[in-house]
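Record features, source TrEMBL:
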- 171-182: compositional bias 'Low complexity' (COMPBIAS)
- 206-217: compositional bias 'Polar residues' (COMPBIAS)
- 171-229: region 'Disordered' (REGION)
- 30-63: repeat 'WD' (REPEAT)
- 72-104: repeat 'WD' (REPEAT)
Amino acid sequence: PCRSVLTVACEQTEVLLFDPISSKHIKTLSEAHEDCVNNIRFLDNRLFATCSDDTTIALWDLRKLNTKVCTLHGHTSWVKNIEYDTNTRLLVTSGFDGNVIIWDTNRCTEDGCPHKKFFHTRFLMRMRLTPDCSRMLISTSSGYLLIFHDLDLNKSLEVGSYPILRARRTTSTSDITSSGSSGPRAVGSPCHQNDSGLLSEKHVSRSSQREGGSPRNSLEVLTPEVPGERDRGNCITSLQLHPKGWATLLRCSSNTDDQEWTCVYEFQEGAPVRPVSPRCSLRLTHCIEEANVGRGYIKELCFSPDGRMISSPHGFGIRLLGFDAHCSELVDCLPKEASPLKEIRSLYSHNDVVLTTKFSPTHCQIASGCLSGRVSLYQPKF
């Protein structure tokens, strides 16, 4: 968060640390995990968490990198996402076992942290919290987007029931199945899953369905509109949130893997216009087709810290995209119908497919990483 360290998650069990200003290599955690490292999340300026295909999460302290603070066990498949609620100091993780797990870092010891399963769904890909932690969004490889409204992380959805808000372009609640019938995603084909039995909770109460209001942890299920994908379906591979909580950013690929799209959706507040109309909290505002390079690999894109630009992997480089040619705020240039994102600049310095890109939170700098392991840093010339 203070931009003093750039951390890099690597396929071969490693975590690399760099000084982003001097580009000097600080340290390599050569055996950070026993399998691929997938994600890194700083909890504050010294503590950070890593997650891995070895099914564990590790906590680290920048002041003592020779050993882990602790290792967290609870997932049964690859762990792909880490989120953190700074208000409650709860760590939130998700994996390809379909589970979202809450970890209480307030009671962390060398043996781990108390944890509980918050939610389970089939074909889970990515999970994010909005900046104010009022919502949780979950994307799936079958093209669904799940939104928990008025989020309460202290209330486990494994116990009791939760309201299901009527959703647009999605399966009916009769498709909800028990958790015993669901399993983790097929490992071999991350972007080609499709299943109508998406949700898997033992204690879902169909009588608790509501139209309109949003009680704590009410669930909305959407099939986001994606250009050109109405008939073929799509896989939501990357999910990010606008830093001010105004919108969500998705990277979608077609189930036939021959098209990729970057799409921006604004949050729409309030209840349906008519009691009988489905709720729909998201509206497609901007989109752009991406280079269909590196099929099957997930490309992680991001917003700039002020939310005015998007950095998106594009073949062997990255594209900087804006809502208009002047990099205006989203709220100042909302179109009546979905409009193309504007390409501000393209940057190419890799010799392999770029898989991830990230803005510095405090400095005019962008980092990108490609499949062969090269990390590039970009700064504007003034």
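Every residue number used here counts from 1 along the chain in the order it is shown.
Glycine is no exception: its Cβ is also placed from the backbone N, Cα and C atoms.
Remote same-chain residues near the repeat 'WD' (30-63) are listed as 1-2, 4-5, 7-15, 69-73, 75-84, 86, 89, 91, 93, 95, 97, 103, 105, 108 (criterion: CB distance under 8 Å, separation of at least six residues from the stretch ends).
Applying DSSP to the repeat 'WD' (30-63) sorts its residues as follows: 0 helix, 18 strand, 16 coil. When DSSP labels each residue, the repeat 'WD' (72-104) comes out as 0 helix, 21 strand, 12 coil, counted as helix, strand and coil in that order. Mean per-residue pLDDT, taken over the repeat 'WD' (30-63), amounts to 95.
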